[in-house]
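Trainee: So Swiss-Prot has the following annotated:
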{"type": "BINDING", "residues": "559, 568", "note": "[4Fe-4S] cluster binding site"}
{"type": "BINDING", "residues": "654", "note": "chlorophyll a B1 binding site"}
{"type": "BINDING", "residues": "662, 670", "note": "chlorophyll a B3 binding site"}
{"type": "BINDING", "residues": "671", "note": "phylloquinone binding site"}
{"type": "TRANSMEM", "residues": "46-69", "note": "transmembrane segment"}
{"type": "TRANSMEM", "residues": "135-158", "note": "transmembrane segment"}
{"type": "TRANSMEM", "residues": "175-199", "note": "transmembrane segment"}
{"type": "TRANSMEM", "residues": "273-291", "note": "transmembrane segment"}
{"type": "TRANSMEM", "residues": "330-353", "note": "transmembrane segment"}
{"type": "TRANSMEM", "residues": "369-395", "note": "transmembrane segment"}
{"type": "TRANSMEM", "residues": "417-439", "note": "transmembrane segment"}
{"type": "TRANSMEM", "residues": "517-535", "note": "transmembrane segment"}
{"type": "TRANSMEM", "residues": "575-596", "note": "transmembrane segment"}
{"type": "TRANSMEM", "residues": "643-665", "note": "transmembrane segment"}
{"type": "TRANSMEM", "residues": "707-727", "note": "transmembrane segment"}
């Protein structure tokens, strides 16, 4: 008899019901729970999967390059990046009638195409790519790299090339190599690319495989480097009149500290970015030589952590025990990595629009909106994942003996204080923010808008002023010409920065008022509520008032409601599940705020946001309803336009989202009855009953139904808003 799926669990493979399939899928990646799994084998499997992951990423990026080179308009776009719409790829659809063919043939193409809103054209242009041939070469290189990585993954599963457990747990070596190699040397290599290829191309000088060894990136060559006269590399930067991609107004500097933006492309100066990457390379290459490995010099991480015990005794055993706890817990490591990556991804969202690094991207408004929304949602999912694995760490890996009295144990000991403080913060923020919004709504409804409670965000304005924004008249720090801070930077980066922050042509430190004050606190409410649910879920994962140790219940024990007392208190999975709703809710507010504020600024109508954002009906009517008109009119009895696809996606997203509730607001009994009724009918229907199955159909578990509901809710939510952002922005600005 052939062994049934799943091969990794004998118990599951012998289950006579459909539970075998669903639990098999659910635990396929939970390597720890597989039959016969050893710690060494676990690490080896995860290590090999990294290669596969990278191979998929490079295959995908190779596909981006290939399709743009084949079906895009990169070379035409370069000639006029502000007017020509970048094409992602062609659309082939046999269902298209003539009106659709006409509507979707845009960006100067003779056939239906998708417009690229990812910013890749701007990126490739900025880093020195100029022809379709460049794109094809890049695609081929990444394809080969992908194949090499796949081979590497396979190779590291072969007995001779499997790393041992001690190799995976050698923290100092890993830190040295990752800091020096992954961050340091790669940043140095990128600096090299910017200096040798991107900067010359931005000045109209071609550098390619044919001449890169002979073209000097700087007229003085390496002489200033070896003589220590490094400032030569910063002399003669590009002028404010430089035309990007030509030598008109171009200088010769390669490493500068100009500050602000290139006036024509409205992106950061390439020479500033090269300098930045060089600095990062130096810092990280040095950092990667700090930890003790084969030669008895450098830091030992265990010694550092064990020494972290403040003499006052207020942190108990301090960081003692953490070295082994973190080294031996993959969930703890993953939680820390996800949290760090989540923060970085959100920072990318913020910096990508406030300080655009790519030429002309600041003027491609739909791309700006897409990239912000995309990165904020990804940050949200990464953050909830961090806490989910934190909770799994407490259930599976936390050893109370090993961590006696240290900071981890103390977090658990005073978790009631942490949770209750978070709870008070959320209650305060929630009632006060909603109270202000509702008061203002009522005043608007009764025709007395002057009675609204409008609070100026004076502290935030003061912070903006201290960074150099002159508008508010706070004579403080960088907004004061006589301040010592202003004088210290006045001959290097400050002139460019101050010009940029006060120019009104970009998104640096946008002017803020009462509407911003309110939505800031609404977002703070969302962030704190999400944090409260996640923190409680993780801290209570192992033990709570009702259940001193929950280790044997596992992470995904179901919350069964008040009928089975206390089950919700012991379900870490349920905290994660609830937190995802709040995370989506919060990022909804964040992206609504960003998008509405920006489209009013881009349209030269900032007053609309300022006046309508102080009450809820303003958000519903003047942001959501007003901007959904292109979606509602995407196709109608009179035909269609090139926003029709987003209209369809808007409907489809709502449908997926609403489907989620079918799984969220129902219990297992209903599904079991439905399944058995369908199975009964199937078995008695001619022709249909030729198809039979051996597994007895069983309704999904409570946790699985919640997961299916949550997945539909999340996917539908994101799809709906994606369609809204794209159609409402592209409908206004093309």
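Cβ atoms are placed via backbone N, Cα and C, with glycine included.
Thinking about packing and proximity, how do these listed features fit into the structure?
Mentor: Following the DSSP three-state reduction, the secondary structure of residue 559 ([4Fe-4S] cluster binding site) is coil.
Contacts of residue 654 (chlorophyll a B1 binding site) defined by a Cβ separation under 8 A and a same-chain sequence distance of 6+ are given as 716, 720, in order along the sequence.
Neighbour count (other Cβ atoms within 10 Å of the Cβ, all protein chains): 14 for residue 662 (chlorophyll a B3 binding site).
According to DSSP, residue 671 (phylloquinone binding site) is assigned to a helical segment. Contacts of residue 671 (phylloquinone binding site) defined by a Cβ separation under 8 A and a same-chain sequence distance of 6+ are given as 699, 700, 705, in order along the sequence.
Only residues 6 or more beyond the boundaries of the transmembrane segment (46-69), in the same chain, are considered here, and those with a CB under 8 A from a CB of the stretch are 31, 86-89, 116, 118, 120-121, 132-133, 135-136, 138-140, 142-143, 145-147, 149-150, 152-154, 156-157, 163, 168, 330.
Outside the transmembrane segment (273-291) by six or more residues, the chain places 171-173, 175-181, 183-185, 187-188, 190-191, 194-195, 198-199, 234, 254-257, 298-301, 357 with a CB less than 8 A from a CB of the stretch.
If you look at the transmembrane segment (417-439), the same-chain residues 6 or more away from its ends with a CB under 8 A from one of its CBs are 411, 452-453, 455, 518, 521-522, 524-525, 528-529, 531-532, 535-536, 539, 614-616.
Within the same chain, residues 383-384, 387, 418-419, 422-423, 425-426, 429-430, 432-433, 436-437, 455-457, 460, 575-576, 578-579, 582-583, 585-586, 589-590, 592-593, 613-614 sit at least 6 positions outside the transmembrane segment (517-535) and bring their C-beta atoms closer than 8 Å to a C-beta of that stretch.
Proximity of distant same-chain residues to the transmembrane segment (575-596), defined by a Cβ-Cβ separation under 8 Å and at least 6 residues beyond the stretch ends, is recorded for 353, 369, 372-373, 376-377, 379-381, 383-384, 387-388, 391, 516, 519, 522-523, 526-527, 529-530, 533-534, 536-538, 540-541, 609, 613, 619, 623-624, 627, 706-707, 710, 713-714, 717-718, 721, 725, 728-729.
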Trainee: List, in sequence order, the same-chain residues at least six positions removed whose CB sits under 8 Å from that of residue 568 ([4Fe-4S] cluster binding site)?
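Mentor: Once residues fewer than 6 apart are set aside, residue 568 ([4Fe-4S] cluster binding site) is near 559, 560, 561, 574.
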Trainee: Are there residues at least 6 beyond the ends of the transmembrane segment (369-395) whose Cβ is under 8 Å from a Cβ of it, and what are they?
Mentor: 117-119, 329, 331-332, 334-336, 338-339, 341-343, 345-346, 348-349, 352-353, 530, 534-535, 537-539, 541-542, 550-551, 553-555, 572, 575-576, 579-580, 583-584, 586-587, 590-591, 594-595, 598-599, 718, 721-722, 725-726, 729
Trainee: List nothing but the one residue from 559, 670 whose Cβ has the fewest other Cβ atoms within 10 Å; the candidates are the binding-site residues.
Mentor: 670
Trainee: Secondary structure at residue 568 ([4Fe-4S] cluster binding site) (DSSP, helix/strand/coil)?
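Mentor: In three-state terms, residue 568 ([4Fe-4S] cluster binding site) counts as coil.
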